[in-house]
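**Q** Just lifted these from TrEMBL, have a look:
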type     : residues : note
DOMAIN   : 1-245    : domain 'Band 3 cytoplasmic'
REGION   : 252-279  : region 'Disordered'
DOMAIN   : 300-833  : domain 'Bicarbonate transporter-like transmembrane'
TRANSMEM : 331-351  : transmembrane segment
TRANSMEM : 363-392  : transmembrane segment
TRANSMEM : 412-430  : transmembrane segment
TRANSMEM : 442-460  : transmembrane segment
TRANSMEM : 545-563  : transmembrane segment
TRANSMEM : 583-601  : transmembrane segment
TRANSMEM : 630-650  : transmembrane segment
TRANSMEM : 671-695  : transmembrane segment
TRANSMEM : 731-750  : transmembrane segment
TRANSMEM : 757-775  : transmembrane segment
TRANSMEM : 805-829  : transmembrane segment
Amino acid sequence: RWIKFEETVEDGGERWSAPHVPALPLHSIFQLRTCLQKGTILLDLDASSFKEIIGKVLSGQPEEAELQPELRQRLAALLLRQPQHQPTKSPLRLLTELGLSPCRGRQSAQPWLLHPECPATAALLFQLRNRFKKKVPPGAEAAHVAVGEVEFLDKPFITFIRLRRGVALGSLAEVALPSRFVFILLGPRAKLKAYHEVGRAMATLLMDELFQRVARQAEHREDLIAGMEVFLDELTVLPPRKWDPSARIPPPSCLPSPHRRTSLHPPDWQSHGNGDMAAAQDRARMGHPRSREELERTGRLFGGLLQDIRRKALWYGSDFSDGLHPQCLSAVLYIYLVTVTNAITFGGMLGDTTDNMQGVLESFLGTAFAGSIFCLFSGQPLTILSSTGPMLVFERLLFSFSQDHSLDYLEFRLWIGLWVAFFGVVLVATEASHLVRYFTRFTEEGFCALISLIFIYDSLKKMLSLADAFPINWQYRLDNITSYSCVCNLSSPGWGGAKVAMHDPSLLPALCSQPPAALAWLSRTQCLGRGGHLLGTSCQYVPDVTLISFLLFGGTFLSCAALKRFRSSRYFPAGVRQLVSDFAIILAILASCAVDAALGLETPKLLVPSELKPTNPARGWIVFPFGANPWWVCLVSALPAVLVTILIFMDQQITAVILNRKEYKLKKGAGFHLDLLCISLLMVITSATGLPWYVSATVISLAHMESLRKESATSAPGEHPEFLGIREQRLTGLAVFILTGFSVFMAPILKHIPMPVLYGVFLHMGVVALNSIQLTDRVQLLLMPAKHQPDLAYLRHVPLRRVHLFTIIQLLCLALLWVLKSTVAAIIFPVMV
């Protein structure tokens, strides 16, 4: 049988083989062409049953090939015999049949053939057909190829039939599908092998997309022959004794588009220009994704914004209904934990930088508010907002400047935010986002690689810093265990005059009268709380928290990667594999948390604020624009605001370009102008309330999109699931940010999640984002001998030295950006991009 690839009943008849690419003898294709030239061709035959088809075929033979009445009857009886199909049975179903089937005694001698009169067998076959039908693409039709040898024929009987309309031919097909084509080849004995190969050639031909079009549109025999000639033009011949003909060629992971094959015809096009035509096709396929209507200038004030609003308004209702899918639940839980961790990390650094004028609580509230508003009204709601590294550097410089010049930090910051919002609205009005079309892959990949490497670096840095809080016991030796001890030495006056006893030898008997147990039961916290200190060789010993933290960190990262790849595993049904893959990150986090809980060690946990009050008691929730600073500050603020505007524009728009690439197959369009307007207006609110400033987070947004990938549910045997696009909706982001806001009330639950587990998720996100760009492949090419390099499209048409030169320049620019962001000059990072 063929759906996209060939499957063969294995010897013994117990099972179908794995799908494979059909390998045909060249001679069988020439024989098939002869059959089509000499046999009977019936196009647009009008019939409603297989019996009627056979009757019209046998009675409609040309005069020179007309059959005798007796021969006609024998052929009709043969062709109308009930077919017996090869069912696909699981081992459990086989055991059930052997042990419980009420029709065991009536089954045929061959164990794989089911008796058609048994009700249980009929129901079983119906279920099998339905289960197999899931593998058939919707709208498919069936073709039937019948070949064989019979003793009563002197010459071959050949017929090719195309029905006027698809007709259900009962049990002729394994699956109840309308049938369109029938090919029959019967002939004298001693040529069964040849007939079988001709039948395989016919089936392979009917599986070819181009020949299918020819066969459906053909008006004469010559059209079918011409279609075969086109097929032969694309044929590749493998020489004998250079490969094993019995070896089955596995289906490829990626197939060429039939549209591309069509564009290469007529056949003589391929002979011109030493592959220039193929090169042009490859370049068109790799074309830059920036020629899109969202970035066309209208020439009117706010023209681009109005187009974005009209475009997104059409999809606004479906943006909520499309989010009602189980996959979205997994995305919400995954991105929520990442967003919470990110908010805590940036909130803690902001608190250290600004003397807690902005802290973890402000980071939580700002993330929840800004993210929710953005998801409701933005042009690309799959974007996740976050604080960024360059913004953190600016906040540090601004706070230092305010301290040095005796200015109120929050009021100064408010005026900068208002100017940034004004400049942002001006950029939206003048359609400045059309400049995005000039961002090339070079810029996108450099920016994405930098952010991905920052995620990887920060997660490893956080893990290494655990060794400071939880020292590793390098000096511990099992053989010296008898010498290890730790006692509490109390020197506080409140403990029975012990402090005096230590300095007055005359009071030594009084100290000795204290019962030893009175000192032994004190914990470390109690001892230090009473003013004592610890004495002994093992007082600095702590369990290897750092070691278990690294095990949790690495285990979470590897679990995320393994479970995410489980979709393409060979084990379990497709539904189970897809479910595990969709919830991969959550399953990895739960497994690591379970291991941590079972061991019971005091690993660092996720701690969120539990009270709704400003981190610094000296500030309130509203920042007033006047009163604390001189009047001229509101004017001077425009200068740093220009720098922040460039920072936000570049950060926001480069991320938007990456998220709206053509390879993600987004159908609802982008909204570059609308996104920038939302970010600008949010600057007003976050500045007035003293909350952090937010822009698109590249890596988290990419992780959000990856968690919402859609793939075809029905794929033919051997065919890889087709990527259909991203589940575009607003519910997941909205739910993530609402949960972030409520995290203050979920502190008792979140405190059980170890931080190393979340750092492992961060590492996974950084690695996945890094692997999603072409730069990573080209860096691998630098280390790869030419004979081992993959067959990439750009390597066919670009000299390898040019590819390496491009990659090296990109790496140098990336290194420059990394050095820049690690210094005080990080504030000009967007300009350098």
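A Cβ is built for glycine as well, from the same backbone N, Cα and C atoms used for every other residue.
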**Q** By a Cβ-Cβ criterion of under 8 Å, what residues six or more beyond either terminus of the transmembrane segment (630-650) are in contact with it?
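**A** Distant contacts of the transmembrane segment (630-650): 390-391, 394, 398, 407, 411-412, 415-420, 423-424, 427, 432, 676, 679, 683, 693, 695, 827-831, 833.
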**Q** Quick one: do the transmembrane segment (442-460) and the transmembrane segment (805-829) reach 3+ CB pairs under 8 Å, ignoring pairs fewer than 6 apart in sequence?
**A** yes
**Q** For the transmembrane segment (412-430), which recorded stretch in the set 545-563, 671-695, 757-775 gives the largest number of Cβ pairs separated by under 8 Å?
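**A** Result: 671-695.
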**Q** Any chance the transmembrane segment (731-750) and the transmembrane segment (363-392) have 3 or more Cβ pairs under 8 A, given the pairs are 6 or more apart in sequence?
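**A** With 3 or more qualifying Cβ pairs, these stretches touch.
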**Q** So which of 363-392, 671-695, 757-775 has the most C-beta pairs under 8 Å when paired with the transmembrane segment (805-829)?
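**A** If we count Cβ pairs closer than 8 Å to the transmembrane segment (805-829), 363-392 scores highest.
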**Q** Considering only the recorded stretches 545-563, 583-601, 671-695, 757-775, state which has the highest number of Cβ pairs under 8 Å to the transmembrane segment (363-392).
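**A** Selected stretch: 671-695, with the most Cβ pairs under 8 Å.
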**Q** List, by number or range, the same-chain residues at least 6 past the transmembrane segment (671-695) whose CB is under 8 A from its CB atoms?
**A** 294-295, 302, 304-305, 307-309, 311-312, 346-347, 350, 357-358, 362-363, 365-367, 369-371, 373-374, 377-380, 383, 385-388, 391, 395, 410, 413-414, 416-418, 420-421, 423-425, 427-428, 431, 433, 436, 614, 619, 621-623, 644, 647-649, 651-653, 655-656
**Q** What parts of the chain pack near the transmembrane segment (583-601), using Cβ distances under 8 Å and only residues at least 6 beyond its ends?
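**A** Sequence-distant neighbours of the transmembrane segment (583-601): 330, 333-334, 337, 543, 545, 548, 552, 555-556, 559-560, 563-564, 566, 707, 752-754, 757-758, 760-761, 764.
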**Q** For the domain 'Band 3 cytoplasmic' (1-245), what's the mean pLDDT in this predicted model?
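**A** The predicted confidence over the domain 'Band 3 cytoplasmic' (1-245), as a mean pLDDT, is 77.
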